[in-house]
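So that you can see what the record holds, here are the features copied from TrEMBL:
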DISULFID  142-400  disulfide bond
DISULFID  163-247  disulfide bond
SITE      172  site 'Transition state stabilizer'
ACT_SITE  176  active site, proton acceptor
BINDING   177, 196, 198  Ca(2+) 1 binding site
DOMAIN    230-303  domain 'Plant heme peroxidase family profile'
BINDING   302  heme b binding site
BINDING   303, 320, 322, 327  Ca(2+) 2 binding site
Ligand code: HEM
């Protein structure tokens, strides 16, 4: 039941849950209250207050049990050099929105960051008003992005419909560019290095060892930028979102354009290593305003991952048995007690996060049968935040989610 409520706490719009016991679920999330109907098999739960990532939950097996939640974790640690001093809700405003909402898009982003809006785009699609470079196309900011999406979608796919190595690299590139921002750095006058394109605009940043494996996709985004003349920061985040939705079962993460590019290399020390402690990883993400719960949702990107440089003698081994599909096998195959499938390479950090008290419950929830839509929602919410780190003109962005390819919710 606590897992069900944890899921509710990271799912936009969720206010109530029903948990069918005594077996492990299923867990039904609800965005509205219904008439109570006594049922001994069903446990109900209700979230009170604003969303918080770390829920303190009590529940009993009676319908409409009330579960209060509060931010109880400060991601602090005494066992490593990484002591986080502030608690991280995962719902704070960032960038210029801290100074106020001044536009409709700013209002939408603000609601997304607070977890009140669905972070997945569910519109019916888009038809370009004219050919690329036509006046009609140029008069619609998102038009050019529809051509980029149409270009990237087949490029990110295998002939059997699974997503390929370019998609994997693009997803990772989106993370590595945005992750170069942190709140403590910003407070200390280094408010740069987030989703600003610097990973592909600064040779110094691109050449750092933590970015090993990204050289080819960096060359590709440079090529695409030349071809389309769009901003690099936007291109990297848009490509990451096209890649995710290209993967079968992948989420259609809401996408914004209008970021400001920078060729200043991001501050160092902000990209996690597979050999970092969970204290350090949770702290690193907390410093990016991402909660432990949101970190857990983002880690699922390793569902489509392969490693080449952690152990070069096992180059190409994936982190779950289905690296071409955006499924929850990664969570299931890393969950506490699970045996490592042959042919899978597990990172120490992934195993540690699967077992850490601050992430284990959420991890296990994502491993449950039927949790795909819940993970997709959690990933989308966390990725929207990640993709906007260090962006200080959020009120001036344009939403282009509607030009993304449609999600494929079944496969094959
Ligand atoms: C604790 C946090 C993380 C660590 C330590 C980590 C580390 C790594 C490492 C070492 C690789 C393999 C690189 C190689 O050897 O080729 C990798 C691959 C990958 N990572 Fe992460 N990662 C983390 C979080 C994330 C997040 C948050 C995302 C996206 C939201 C992400 C997306 C990916 C993807 C898609 C790949 C596959 C790249 C490919 O196949 O070329 N990772 N990660």
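Cβ coordinates come from backbone N, Cα and C, glycine included.
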For the domain 'Plant heme peroxidase family profile' (230-303), the number of residues DSSP places in helix, strand and coil: 36 helix, 3 strand, 35 coil
Same chain, 6+ residues apart, C-beta under 8 Å of the C-beta of residue 198 (Ca(2+) 1 binding site), given in sequence order: 177, 180, 192, 205, 261, 262, 263, 264, 265, 266
Integer Cα-Cα distance in angstrom, residue 327 (Ca(2+) 2 binding site) to residue 172 (site 'Transition state stabilizer'): 17
Least surrounded among the disulfide-bonded residues, given as 142, 163, 247, 400, when other CB atoms within 10 Å are counted: 142
Cβ contacts of residue 172 (site 'Transition state stabilizer') (under 8 Å, same chain, 6 or more positions away): 213, 214, 217, 301, 305
Cβ within 8 Å of the mean position of the Cβ atoms of 303, 320, 322, 327: remaining residues of the chain near Ca(2+) 2: 304, 321, 323, 325, 326, 328, 329, 330, 333
Length of the line joining the Cα atoms of residue 320 (Ca(2+) 2 binding site) and residue 247 (disulfide bond), in Å: 14
Per DSSP, three-state class assigned to residue 163 (disulfide bond): strand
Candidates near ligand 1 among the recorded positions 163, 172, 177, judged by a Cβ under 6 angstroms: 172
Most Cβ neighbours inside 10 Å, all chains, among the binding-site residues 303, 322: 303
Fewest-neighbour residue among binding-site residues, criterion Cβ within 10 Å, set 196, 320: 320
